[in-house]
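Comments concern the structure below.
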């Protein structure tokens, strides 16, 4: 058809584009004149296509059509007028002129909410259903016959902007185009609007948007959101007109703490809190307002009301000055009507509109990806100077709106001052546990208390899960563009790198890890993990599946990978930060939210991580950290009905219990990385010095507190004695001592109970007849130190041959030369299957052995060489599911609801060093 498009705005632009795609001929576009030298988006699009564009300031004068205008319109020969959004009064001789008449888009379910402020009144009246109507224009006001309607749910905290973006804009474009399609096919109905239920409300303007405080909290909330952002609900506060934005209803069971604010006419004073301004209805119930705007146009976060204008300007670094120069050029390109951008130039007073705000936010992302702006940030910082100051504060992690209060425990140690949070981290805040309960975390180097740490209770778990659920379902995290999510995770990795020495020091005093190892592995690999998964955020994708019914019925089948929701993570004490990173990074990359329980004996790096995550800009509720006991916190997470996935690293016994609880509660998905008794086979044709060095590392790395540690070494008999001799010689050279001493090789065991178990373990080995070559005793000094230990002559039936020590204990057994299959049988004769290794110069033998070792990871001529890109996990009673690597995105692992690998044996990872 030959169509005339009469209207304006981005909505009109999109309708115009879709009509052209449908094959219609647009004979003319009739829109508003340029404003401040800028053409309307509809005009810009049409001019680009060479379509005639008419920019009439008006169609009528003193109630009569302007004939010159009507004549130009009629000359286009339109068969149908489409009015997607039109602010001008169009004469009836134009409306009735085309053969098919005129259709109009209206953003309400007619006959309800006739008039120009239909969306506003849908919200003001608290309608549960909203939508739009495409109707045939007549000489009344939105009274013409209905052609098409579509409805949607109105969410409790919708604003004009959110419901427009979510439904009225995208579905309205589709509906308008569908209406034209029905007309072209001769199938368009004309349904008379019913008289019942018809309403007409006035146009909402600033002068009639004043708040009447004598209403319920829900009515106040509806009035504020119904006027958000235009024209803006306002009231007199402190003698000036203040406009309220970003309203939401509040759980009235929550205690409100803050500074009172007198509001004339209100039933009681408002309260300025960390979250915003709490207001009260005449029913005693509450609502929360996020932002306030003053008469001079300045917008602030409501939480900053008593501090507005109090922050001093920050001095820019050279790099920040370069950023400011770049942004001045961006402002100049947007505000082309302004000759020069001064510090005092006001973005909106210079003619910027809402689309310019969107562009400005995107321009900032291009130049500083870690500066994640929201549209409100621009509205709150309208002058160029304020805008730059705001951007710089965000880049430095000093954004006042998200002020983080941390009650640090500070210690001067390792030539630095470390600052350690010690409270629970729930919904973006450090808080005390219920009842103020605490416990002491102990430094294993000397057995002294580091600090008191909040001890989470069941109610704290419930609060954390609720916060994580809300952040996933209602917050910005689940709706965030994957690339923006990746930028935040990468920013978190950068902050961890900036604090790596502090993190490594905390790890050393809390877990006993040697500082140099903590710096390289505990912290270093954690940073690598977050960076790796930051890159995966926008690469999670499903697949299209050819099916039998694809043709001729035009059926399409595809899979989607979706985040699960709230994921619980329970981690051990041997690698406190690294285990957190392995599980949390992948979880966040897919858009899930996290409730994490660190080991009770090593909570401090997890709490420091929470601080850095908040400073990186991760939204509230996305990460929650709960130090506490496994029996209480871990059990509640296993049982909780709102947790959709639980990842656990720890003992097989506890893993079985968790799996049972997860099944009984709500059949939540589980991934388990459990115990191990990893065999290392050393053949006589190995490179001896490397085998000794790597064999030592396989057992004594991280004091033996290593899930993939070689729990049993099988050494070919012809080299057995030489191997043992060399190992013992190296063991005697190891320096046992303070983990912060750079020359220390071997630090303390993690905690006293574990030390006692190691002593008992070695005593059992001696009683069974194994030969204790060296070690086997607690070191006589303060702290939890245990000597590196070597046993030989270990027989297959012995306890120490079957059970892991999880400590610095090397278990050596002989095997006869040439009996490869027999040593494989012995190596696989365990219910564990986490890791394994083989040393040989014979590549064929290496491949033969690696293929037959039943373990999730096989090391060939190396050991402990994990990498963030390589999947990691075990077989049999060592658990199931993979951490790290692309496998996280292809399996039923942490991330996505997808069934790949569900019925397949898990693949092994082989690290092969030639």
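Quick reminder: no glycine exception, Cβ is built from N, Cα and C everywhere.
TrEMBL: automatically predicted annotations, no manual curation.
Annotated in TrEMBL:
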- 88, 89, 90, 142: (6R)-10-formyltetrahydrofolate binding site (BINDING)
- 106: active site, proton donor (ACT_SITE)
- 142: site 'Essential for catalytic activity' (SITE)
- 318-395: domain 'Carrier' (DOMAIN)
- 571-573, 597-600, 630-635, 650-651, 757, 804-806: NADP(+) binding site (BINDING)
- 673: active site, proton acceptor (ACT_SITE)
- 673: active site (ACT_SITE)
- 707: active site, proton donor (ACT_SITE)
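Checking Cα-Cα distances from residue 635 (NADP(+) binding site) against the recorded positions (88, 89, 106, 142) with a 10 Å cut-off leaves nothing; none qualify. The Cα atom of residue 571 (NADP(+) binding site) lies nearest to that of 707, taking the recorded positions 90, 106, 142, 707 as the candidates.
Largest Cα-Cα distance over the residues recorded as binding (6R)-10-formyltetrahydrofolate, namely 88, 89, 90, 142, equals 14 Å. The Cβ of residue 757 (NADP(+) binding site) has 807 as same-chain neighbours under 8 Å, each 6 or more residues away in sequence. Ranked by Cα separation from residue 673 (active site, proton acceptor), the binding-site residues 88, 597, 600 are led by 597. Here the domain 'Carrier' (318-395) returns a mean pLDDT of 87 for the predicted model. The Cβ centroid of 88, 89, 90, 142 marks the (6R)-10-formyltetrahydrofolate site; residues of that chain outside this set whose Cβ lies within 8 Å of it are 83, 86, 87, given in sequence order. Considering only the binding-site residues 88, 89, 600, 806, the residues lying within 10 A of residue 707 (active site, proton donor) on a C-alpha to C-alpha basis are 806. Around residue 597 (NADP(+) binding site), taking its Cβ as the centre, 27 other Cβ atoms fall within 10 Å, counting all chains.
Separating the Cα atoms of residue 88 ((6R)-10-formyltetrahydrofolate binding site) and residue 632 (NADP(+) binding site) is a whole-number distance of 66 Å. Residues in the domain 'Carrier' (318-395) partition by DSSP class (helix H, G, I; strand E, B; coil) as 49 helix, 2 strand, 27 coil. Across the structure, residue 632 (NADP(+) binding site) and residue 106 (active site, proton donor) place their CA atoms 55 angstrom apart. In sequence order, 114, 118, 132, 133, 134, 135, 142 are the residues of the chain that are 6 or more apart from residue 106 (active site, proton donor) and have a CB within less than 8 Å of its CB. The Cβ neighbour count for residue 88 ((6R)-10-formyltetrahydrofolate binding site), using a 10 Å radius over every protein chain in view, is 16. Ranking the binding-site residues 597, 600, 806 by Cα distance from residue 89 ((6R)-10-formyltetrahydrofolate binding site) puts 597 first.
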